[in-house]
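One structure is given here, and the rest of the page talks about it.
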């Protein structure tokens, strides 16, 4: 059976369904903003370059520093997307991250992390969640494309019902808000960064950054979001749970049938680590794994 052909058909079908639903079905369309409209540089000022009137941002990593930026506003729900091209070449130990995170103790966080590699080995995409300061919910994927070659769209849907990690509009991970399961409860900002993670990121920390290949450059553009801005209100994200927000409405409370097929295919073919099945970490899997 030609799985890639089937996969391609699913991709096209899902893309058509998502466009049709958002434009003609009233589900809403993400708002595109320039970098300066919605983001500020948070660290590594000299290692951040804004291009094309704020439509693209490059982060640079060398031995002196990496760089990062965050949204000016915090949100209590929404759909957040960026198109990203991660550093190429011998990037072992280098981490490119796009994530939502709260501030202060016991933080919540929803992560995309690209783990660099050397000698032509593929970059790993790691997803993770921190809930009230507790992480260790990693799932890792070797993608069906090379994320260093072209821009691809990475999206995070967060609403009162589920968190969905999207790659090019394909759901690769779903975390459901079910009874007894920890779930984000704090306002979160959108962040991106490029940093040295060579104590863990590649080969369990055995591969260190080879600085002779620096600078490493991560590219970001098409800053799309539709979110419930919680700034100026209570820190209670309950204010952002209304179904009047299109990303909280019925069509976003669960995967569609086509999304479910894509989700199952990606996980069976491209996921190479799941914390739920790691008995060295959890003798009894966490509640959300059932």
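Note: Cβ is positioned from N, Cα and C throughout, glycine not excepted.
If you check Swiss-Prot, you get these features:
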SIGNAL    1-21  signal peptide
ACT_SITE  109  active site, nucleophile
SITE      111  site 'Important for catalytic activity'
BINDING   113, 126, 127, 128, 136, 137, 138, 199, 200, 204  xyloglucan binding site
CARBOHYD  210  N-linked glycosylation site
DISULFID  228-240  disulfide bond
DISULFID  276-289  disulfide bond
Inter-residue Cα distance where the pair is residue 276 (disulfide bond) and residue 228 (disulfide bond), in Å: 31
Distance, the residue listed as 'N-linked glycosylation site' to residue 127 (xyloglucan binding site) (CA atoms, angstrom): 25
Lowest local Cβ density among 127, 136, which the record lists as binding-site residues, within 10 Å: 136
Residue 276 (disulfide bond) versus residue 113 (xyloglucan binding site) - Cα distance in angstrom: 19
Rounded Cα-Cα span from residue 136 (xyloglucan binding site) to residue 276 (disulfide bond), Å: 10
Residue 111 (site 'Important for catalytic activity') versus residue 138 (xyloglucan binding site) - Cα distance in angstrom: 9
Between residue 136 (xyloglucan binding site) and residue 210 (N-linked glycosylation site), the C-alpha gap once rounded to whole angstrom: 27
Where residue 200 (xyloglucan binding site) falls in three-state DSSP terms: coil
Rounded Cα-Cα span from residue 210 (N-linked glycosylation site) to residue 200 (xyloglucan binding site), Å: 15
When distances run from the Cα of residue 240 (disulfide bond) to each of the recorded positions 109, 111, 210, 289, the nearest one: 109
Separation of alpha carbons, residue 289 (disulfide bond) and residue 109 (active site, nucleophile) (Å): 18
For residue 276 (disulfide bond), the number of other Cβ atoms found within 10 Å of its own Cβ: 13
